[in-house]
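These come from TrEMBL:
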| type | residues | note |
| --- | --- | --- |
| TRANSMEM | 28-50 | transmembrane segment |
| DOMAIN | 43-295 | domain 'G-protein coupled receptors family 1 profile' |
| TRANSMEM | 62-89 | transmembrane segment |
| TRANSMEM | 101-122 | transmembrane segment |
| TRANSMEM | 142-165 | transmembrane segment |
| TRANSMEM | 200-228 | transmembrane segment |
| TRANSMEM | 240-262 | transmembrane segment |
| TRANSMEM | 274-295 | transmembrane segment |
């Protein structure tokens, strides 16, 4: 690993700084992050168990919800253990190739979550706007194809990001990553070479996945609201709206945090680094933490099943 004028040639090991500016209190910051992670694991695992064990929940909406829960578990698990290793056990180092693999996992699961939210929006769109055709459109075969599609799309799109870093960027100004996990822009910013292509492809991939999904979800719900408001009975309007409310809440919390994280990470020095790093962490932790509560409280079938499980335990 030759070093010339402070430039590192292809570092084999990188070092996380963590949340720059808050190093002295990182051990305390790790406590709420760990708590959120544990609750996310328990909540989403319970969600998966309920959906798998209850035949009446083997419908497209709940299958997509199970995919969302599994993605949330995988997404939070891809960053939290290493993050806590940095905060609590002073283990900031990571091999360069392992960093690339973590980056692939993080961005792939982010893309899968975005795709599942789009699938859920389209399911609600067909169920409300074309209720008589829902069963014939959203067949098990279509749901399986959607699941494969939303998984392969980000998994494949992220691979060129890794190759562009591995093959194009040879010289780095430092081995220190001012972050708690390997994020595309955090790693690209370390390079001393021209990173225009890396940034351009990163933006293109973000638009193809997150941007396009956001537009399609928004258009779906505009059409859903138009249809709901034209329903003749108030009870029917409330019922249709209530079936969409959990997904709307999840949609807003996911994309609002995503946009804040995305733009603060590209705003240069105008925003302190600890703000955009904290937002990046919350973006990956808050949705997995809140999603089980949102769907558990607002979805009657799941709420009744949870109550039934805990009542049977109390009686035993």
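Using N, Cα and C of the backbone, Cβ positions are placed for all residues, glycine too.
What you see is a predicted model, and the numbers here were worked out from it, not measured in a lab.
By the Cβ criterion (under 8 Å, sequence separation of 6 or more), the transmembrane segment (274-295) is not in contact with the transmembrane segment (200-228), since fewer than 3 such pairs are found. Taking residue pairs at least 6 apart in sequence, the transmembrane segment (200-228) and the transmembrane segment (62-89) share fewer than three C-beta contacts under 8 angstroms. For the transmembrane segment (240-262), the list of distant contacts is 68, 110, 113-114, 117, 120-121, 124, 127-128, 206, 210, 214, 217, 221, 224, 227-228, 231, 276, 279-280, 282-283, 286-287, 290-291, 294-295, 298-299: same-chain residues at least six beyond its ends, Cβ to Cβ under 8 Å. The average pLDDT the prediction assigns to the domain 'G-protein coupled receptors family 1 profile' (43-295) is 91.
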